[in-house]
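A.B. asks: From TrEMBL, here are the annotated features:
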type     : residues : note
COMPBIAS : 203-215  : compositional bias 'Polar residues'
COMPBIAS : 514-527  : compositional bias 'Basic and acidic residues'
REGION   : 203-223  : region 'Disordered'
REGION   : 492-533  : region 'Disordered'
TRANSMEM : 54-72    : transmembrane segment
TRANSMEM : 79-98    : transmembrane segment
TRANSMEM : 104-125  : transmembrane segment
TRANSMEM : 137-158  : transmembrane segment
TRANSMEM : 170-189  : transmembrane segment
TRANSMEM : 315-336  : transmembrane segment
TRANSMEM : 348-368  : transmembrane segment
TRANSMEM : 374-393  : transmembrane segment
TRANSMEM : 405-427  : transmembrane segment
TRANSMEM : 439-460  : transmembrane segment
Amino acid sequence: MEPVRERHWLIPTALLCCYGFLKEIRPSEPFLTPYLRGDKNLTEQQVDNEVYPVWTYTYMVALIFVFVLTDLLRYKPVIVFEGLAYIATWSILLWAYGVTMMKLMQFMYAFATSTEVAYLAYIFAAVSSDHYQQVSSYTRSSLLAGRFVAAVIGQLLISFKVTTYRGLNYISLTFVSLGFVISLFLPSVHKSTYFHRDSPEIQNSPATDDTNQNPPQVPSALRNESCCTDDNAVLSKPPLRSIKERTLSCFSSTKRFSHYLWADFKSCYSNRRLLEWSLWWAFATCGNLQVGNYIQNLWDTIFTKSGDENSTENVYNGAVEALSTLLGALSAFLIMFPRVDWDRYGELLLGVVSIIDAILLFIMALTTNIWLCYSFYIIFRASYQLVITIAIFQIAKHLTLERYALVFGWNTFVALVLETILTLIVVDYRTLNLPADTQFLVYGGYFYLLGTAFCIKAVYQAGQQGCRQTLSCCHGNNGACLELHNRVPIQDEDEGGEGEGGGAEQNLEEEEQEKGAKEIDEVKGGDTVHLVM
């Protein structure tokens, strides 16, 4: 049977975009902290230091299982589970009470958000490679559009007092339920990156040389084929043998998965440029997630200091999230047009932007002006979207599509490990248990250290580049002079005026200089290139 992705690429793309748009319409999210402190009657410390950290811890662990199961189950079941997890999250938010149940809510929410890997990877297995650029743009745009619409709806309904925070949660539950229904109609796919590879990919994998020399023997049970074609032979085969074959097939599949995964991992991160961008990706994503998770707590603290904690008239959380999403998408789009040598200036950009973000976070932590905090948060989020887009471009230059999914998943996992450590030290009620404004001082210091490290690396790299260019120029233009300078002694002024003899030696030196320069010119191109490289 011809695969679905070869016959119709519009159907899975349209369904996935529709699902992505609907599941992101959660207008209650920008107002989660006021809802928990108001309707659920939780204290600031319970929300900040007990409930929210559960998401970070669970997300890190869940991502490991999701990464493996997404490939093993071939995407669609994991997407369906994402819809179910969102429904469970908002059901708990609406009808459960107490700190323990809110922790369970964050537990389910972590599983829901971690499965976004399947959403991003599904479309590349469902359509042909000719449409990759189109569908990746469509699916990403649908997510951003859903988030923007959700934030606008939430802000308008709250500002005009059409509904309450609880009403926003009912709207969120409705849309994630519609998204779950759409996910049921997604076409199934028949291949994946590691567990369900096409035969030519298995035999000709570029991961390692020994793969081609000793291709793994794939049992017939793994290929979804019958072990025997004769009915009598099937009946005569004992059940124990069948179970044994299935077990061996499972072990063989797992072994091949580990082999290809490790080979691809080593191949990807051996590239120095890719490693540098990936390091910034992981560290900056950690900080960005932490700021996004606890920014509502900071806003709530500022409202408390100003005496407006129970008022909804000046709460513009939804508008701020909508504007930050819009500017982030716009900056990510516009950065495609400038022609910049990011291999040369990329490290400097990473360092400067990180230091600017640190300054923004310091001011946000110290100010009591909510509008200043809103404005700097928008700039912070937009700057992250700008630079992470550049990082994606730079990483994608060195990778095939399948390896890009691996790098994306690993970078995200490292970011979550860092975020877990940061949460455990700074936020958790069993450790420092810092208030929101003090937390943001720590996050500012975190970005300052990150930016300083990349700026130092950029200056060091620029110094090395300048030295190489100087040596290259010297080797190309003055190589003959330097060589002759070592061979022919320099005459003093007194000795240089020895009549005709001195003049003859000078003419001889000039002739040898010209001859040496011609010889150098003949080999200059290859030597110069060698030094630059």
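Just so it is clear, glycine is given a Cβ too, placed from its N, Cα and C backbone atoms.
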A.B. asks: Hey, does the transmembrane segment (315-336) touch the transmembrane segment (374-393), meaning at least 3 C-beta pairs closer than 8 angstroms, sequence gap 6 or more?
C.D. replies: yes
A.B. asks: Checking distant contacts: for the transmembrane segment (348-368), what same-chain residues at least six beyond its ends satisfy Cβ-Cβ under 8 A?
C.D. replies: 280, 284, 287, 291, 298, 302, 305-306, 342, 376-377, 379-380, 383-384, 386-387, 390, 437-441, 443-448, 450-458, 462
A.B. asks: Taking residues 6+ outside the transmembrane segment (79-98), which of them lie with a CB under 8 Å of any CB in it?
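C.D. replies: Residues 19, 23, 26, 28, 35, 40-41, 104-105, 108-109, 111-112, 115-116, 118-119, 122, 166, 169-170, 172-173, 176-177, 179-180, 183-184, 186 contact the transmembrane segment (79-98) from elsewhere in the chain.
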A.B. asks: What residues in the same chain, six or more past the boundaries of the transmembrane segment (315-336), come closer than 8 Å to it by Cβ-Cβ distance?
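C.D. replies: Contacts of the transmembrane segment (315-336) (Cβ under 8 Å, skipping residues fewer than 6 from its ends): 27, 29-31, 34, 141, 144, 147-148, 151-156, 158-159, 296, 299, 303, 374, 377-378, 381-386, 388-390, 393.
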A.B. asks: Same chain, outside the transmembrane segment (405-427) by at least 6, Cβ under 8 Å from its Cβ: which residues?
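C.D. replies: Contacts of the transmembrane segment (405-427) (Cβ under 8 Å, skipping residues fewer than 6 from its ends): 48-49, 52-53, 56-57, 59-60, 63-64, 67, 117, 120-121, 124, 193, 261, 264-265, 268-269, 274, 278, 281-283, 285-286, 289-290, 294, 395, 399, 433-434, 439, 442, 446.
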